[in-house]
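Note sheet for the following structure.
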Amino acid sequence: MTAPKPVVLCILDGWGLRAEREANAVALADTPTFDRLMATCPNATLVTHGPDVGLPRGQMGNSEVGHTNIGAGRVVAMDLGAIDLAIEEGSFPQNPALRDFIAKVKANGGTAHLMGVVSDGGVHGHIQHLISAVEVLAGEGIPVVIHAITDGRDVAPTSAGEFVGQLVRVLPEGARIGTVIGRYWAMDRDKRWDRVKRASDAMLHATGEHAPDAEAAVAAALARGETDEFIAPTVVGDYAGARDGDGFFCLNFRADRAREILAGLGQPGFDAYETGTRPDWSAFLGMVDYSKEHDRFMTAAYPKPVIRNTLGEWVASHGLRQFRIAETEKYPHVTFFLNGGREAPETGEDRYMANSPKVATYDLQPEMSAPDVSDHLVEAIGAGYDLIVVNYANPDMVGHTGDLKAAMAAVEEVDRGLGRAVEAVTTAGGAMIVTADHGNCETMVDPETGGPHTAHTTNPVPVILVNGPAGARLHAGRLADLAPTLLQLMQLPQPEEMTGRSLIDA
């Protein structure tokens, strides 16, 4: 029997399953295609959080973690757990890259600028990592300025006051908060350079709103109607900006939302916006590698391990063609993260990235660029590729806004695209796995507070086999099992590095 062609992996980003219908955008939306597939196709559920995806127990998954595990075909130990362990066992203060940073800043008589998300969401960073770094640097007698990035997305929308207060209470002598900035400005990933400029101007040049202290900055923002994610860049107290000889340390460990701000702060020749005169940094450090381009001007405390024989690499090694498609909000996920942290495409790997709409928040345009993604997906299905990976961003990106009606509209748009994909795959004689990388929009109200729920969830996600082998059944598993499943459908052997197991029971 010949292998189906193409084999499609359709990732409905942020589409989780929850039995209760209340505030559940997936259940409340009109989804005839998804409902039909669940009723007629082999299906099961996948775990997307905790140790099953290389995270600490109870820690919700996210798109970086999800796509890394999917592409690797094995459970990948993620940065959060590795850094937590280093702090817990006491090796963090002796990290070689951190020691080098300390030596250079000391030699230049500089201040250490620490930027990181101030929450315990654990998706992009963790407040405890920031606190630990402050303790180490202040303990070395280095003045410390913190650029506190408020979250409100991976945690409750108005919880920044608690986290900033927690940080303030443990600051050692010689450490202070210099700016408070919502992640909307400092953690963009879609080239909205006007936002990034406002964040970097506050850090570099002390321009923006002003507040006497960090807690007052959060309170003033709330009074202006800004929830944590959107707090306008605010200069705290008499902070006057960065100077030559200072060092910069980014505590966030997830690459996609750190790249732009780091480029604006330190990349030589950067010209996406006018930065003004930037300091001659004595040292520029990150928790992890952010990209090969970033490696040219900064070092990493915890370099990424090499993941060999990812799904894309293995398919390419067999001389087969593959196609990756998403809109730009999820560009890194179906490329960089799915390929194990490598930016360059594999041999025979083509890509299409639809431009995400330039709106302030995606509840204003919940369909996002899904119609464009669907058009190019259908075209690719008929173009002779062996493997296609597509990501629909809407359920996650609109779910993050906390707007239930908009999330329902997002889900319905994706369901329309899914319907087109099913028809095209069936016509072509291919097969498709429909799944998600984590949950989000199935929980739009926080059950504890009654307010909007904007974070990911630990709910299971669906996995559906469309137009698969006759008599096939699926069993429950985890994200690492998807690559082996796709390889089985493609009738390719599984590399020994992949320890996941196919979800298909013949």
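Every residue gets a Cβ built from N, Cα and C, even glycine.
Feature annotations, reproduced from Swiss-Prot:
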- Asp13, Ser63, Asp437, His438: Mn(2+) 2 binding site (BINDING)
- Ser63: active site, phosphoserine intermediate (ACT_SITE)
- His124, Arg153, Asp154, Arg183, Arg189, Arg254, Ala255, Asp256, Arg257, Lys330: substrate binding site (BINDING)
- Asp396, His400, His456: Mn(2+) 1 binding site (BINDING)
Nonlocal residues around His400 (Mn(2+) 1 binding site), in sequence order (Cβ under 8 Å, 6 or more apart): Gly14, Arg153, Tyr362, Asn440, Thr454, Ala455
Other CB atoms within 10 A, centred on His124 (substrate binding site): 25
For the binding-site residues Asp13, Asp154, the one whose C-beta sees the most other C-beta atoms within 10 angstroms: Asp13
Max pairwise CA distance, angstrom, over record-listed substrate binders His124, Arg153, Asp154, Arg183, Arg189, Arg254, Ala255, Asp256, Arg257, Lys330: 17
Integer Å distance between the CA atoms belonging to Asp396 (Mn(2+) 1 binding site) and Arg257 (substrate binding site): 15
Cα proximity to His456 (Mn(2+) 1 binding site), best match among binding-site residues Asp13, Ser63, His124, Arg189, His438: His438
Residue among binding-site residues His124, Asp154, Arg189, Ala255, Asp396 with Cα closest to the Cα of Asp13 (Mn(2+) 2 binding site): Asp396
Shell of the Mn(2+) 2 site beyond Asp13, Ser63, Asp437, His438, same chain only (C-beta within 8 angstroms of their C-beta centre): Ile11, Gly14, Thr48, Gly61, Asn62, Gly66, His67, His333, Asn391, Asp396, Ala436, Asn440, His456
Ser63, His124, Arg189, Ala255, His438 filtered to the binding-site residues whose C-alpha is within 10 Å of Asp396 (Mn(2+) 1 binding site): Ser63, His438
Spatial neighbour of His438 (Mn(2+) 2 binding site) that is closest, considering only the binding-site residues His124, Asp154, Arg189, Ala255 and their CA atoms: Asp154
Distance [Cα-Cα, Å, rounded] between Asp154 (substrate binding site) and Ser63 (Mn(2+) 2 binding site): 12
Site with most surrounding Cβ atoms, counting all protein chains shown within 10 Å, from the binding-site residues Arg189, His438, His456: His456
Sparsest-packed among the binding-site residues, when each Cβ's other Cβ atoms within 10 Å are tallied, from Arg257, Asp396, Asp437: Arg257
Asp396, His400, His456 excluded, remaining Cβ within 8 Å of their centroid (Mn(2+) 1): Asp13, Gly14, Asn62, Ser63, Arg153, Pro395, Met397, Gly399, His438, Asn440, Cys441, Thr454, Ala455
Spatial separation of His124 (substrate binding site) from Asp437 (Mn(2+) 2 binding site) - C-alpha basis, Å: 16
